[in-house]
Amino acid sequence: MKNIRNFSIIAHIDHGKSTLADRIISECGAISDRQMSSQVMDTMDIEKERGITIKAQSVRLNYKFNNENFVLNLIDTPGHVDFSYEVSRSLASCEGALLVVDASQGVEAQTIANVYIALENNLEIIPVINKIDLPNADVEKVKHEIEHIIGIDCKDAICVSAKTGVGIKELIETIITKIPAPKTDDEAPTKALIYDSWFDNYLGALALVRIYEGSIAKNDEVLVMSTDKKHIIQDLFYPHPLSPIKTQSLQSGEVGVVVLGLKTVGDVQVGDTITSVKNKAKEAIGGFEKAKAFVFAGLYPIETDKFEDLRDALDKLKLNDSSITYEPETSLALGFGFRVGFLGLLHMEVIKERLEREFNLDLIATAPTVTYEIYQTDGELVKIQNPSELPPVNKIDHIKEPYVKATIITPSEFLGNLITLLNRKRGVQVKMDYITPERVLLEYDVPLNEIVMDFYDKLKSLTKGYASFDYEPIEFRVGDLVKLDIKVAGENVDALSIIVPNEKAQSKGRELVSAMKEIVPRQLFEVAIQASIGNKIIARETVKSMGKNVTAKCYGGDITRKRKLLEKQKEGKKRMKAIGKVNLPQEAFLSVLKID
């Protein structure tokens, strides 16, 4: 066991983490060059296309060093903020981590968040400066940044190019010499941490585990500690990118895949502990929490008869991703659909894209919202995720909304614009730190509701794509909030309701109705688009009616005849206006996202 090294790679998106993982795999000879597809560790198509790692993957590698055989377990972590819980579980399974920073870009916001998780788990951190082959690489500047922001000594940082293979051998040898072997105790009660789980069509739900203490073997009876359910181990594998390698047992310190013949991933949740029935642990490994949804949106099939197909698709995705929550809801405007909870905005985009791509569904998504805590006058606390569920104003004592701590690293030339944006988003400055004269680190407390709409896009366009951004939830705070309703032709469109700060309600209402005016198709009658708070109309626009020339067939002749026809048309339009229905296009529901 002293020759096992468990390590993971921490990096910001696009800093070359998956490429570096591929280089380490091929250097250890686990895959021949012919079999090497770029990004072996990323298995979902959507991961390769977006260049992001969503699920934590693992691979067991063998390497000979100083005439000794070593086992290297590379545990890949997702780099994106939405998946930080998966990151924390992956890092809890390791003794060390490679901190990969792009030599041309420097330290980014997400890197910092993940490094702090690694430091909390007391991991040995090896700084790795990647992409040194780039013409604009500045190794010394990046070393200074790592020391200044993260406080890790960089005099022994390893410089590599994952693309050309420079420095990879030295990196692997540093992993062996610097990262400690796992502390093991084969006789202690069995404890195995699940740090990833996924669904296989033939084997059912699979759990990727790191054995902390004790050991498990095929045909053992084990217990999943949070559910208290017993299962028999049907098979054990060592993870490998091409085909897993069967094994009869896993000892403490090792990493492997456990097959329990389960139907859903919900039975083996990330962060849970597996223990043996005959050698049972008294308590689980700390830190387990069910993944909590932060951002909610309504998903509706464009063809209403596809509702059951959407339910089946969500059920299947849930097998693989236990963090999604969903429940059926109906909307007067959109029919039947689901209110779906996601870990964050990227997670929402990925899930929507997977539903459309893997299950051939056409979906309308409503504006994303967050959870609000409504304290009622009768003392009751109600939590809502859908603005249309907000109780009447006279029943509300106060409303609390979730806040997040936003960390932003930006070139200093964009600082003024960014501070203006953050102030407009009701942000409160906590910290401002010049890393170098050219780069600034900002910390702000911002309401999550202001971030879920379009904050990320605005941040990127204001800073020409150079700023990086990361956030973590902190607490609920009292806010002066109201519900803004949109009426089209006198009818409330529930899917367009949003909760906004009182001082912004007037301007948001005006922007929304003028955006809607451009989108709502013209009818044969006038259509009023109104924004209201409670019963009070605060903004209005009118979509003019299409004219039909009813007097065209009167040649010359009596003016009263023409007047009679025009009067008749006016009557008809009045009737139509009273009962007319307006079909709203998909863009109308997206217009909510576009307003600032």
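Cβ coordinates are placed from backbone N, Cα and C, and glycine is handled just like the others.
On its own chain, GLY16 (GTP binding site) has VAL100, ASP102, ASN130, LYS131, ALA162, LYS163 as residues at least 6 apart in sequence with a Cβ closer than 8 Å to its own Cβ. Sequence annotations record features per position, and here Swiss-Prot assigns GTP binding site to ASP14, HIS15, GLY16, LYS17, SER18, THR19, ASN130, LYS131, ILE132, ASP133 based on sequence analysis.
Swiss-Prot lists 2-183 with the feature domain 'tr-type G'. The average pLDDT computed over the domain 'tr-type G' (2-183) stands at 75.
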Can you tell which of the binding-site residues (SER18, ASN130) has the fewest other C-beta atoms within 10 angstroms of its C-beta?
SER18
Among all the protein chains here, how many other CB atoms are within 10 A of the CB of ILE132 (GTP binding site)?
20
According to DSSP, which kind of secondary structure is SER18 (GTP binding site) found in, if we only use helix, strand and coil?
helix
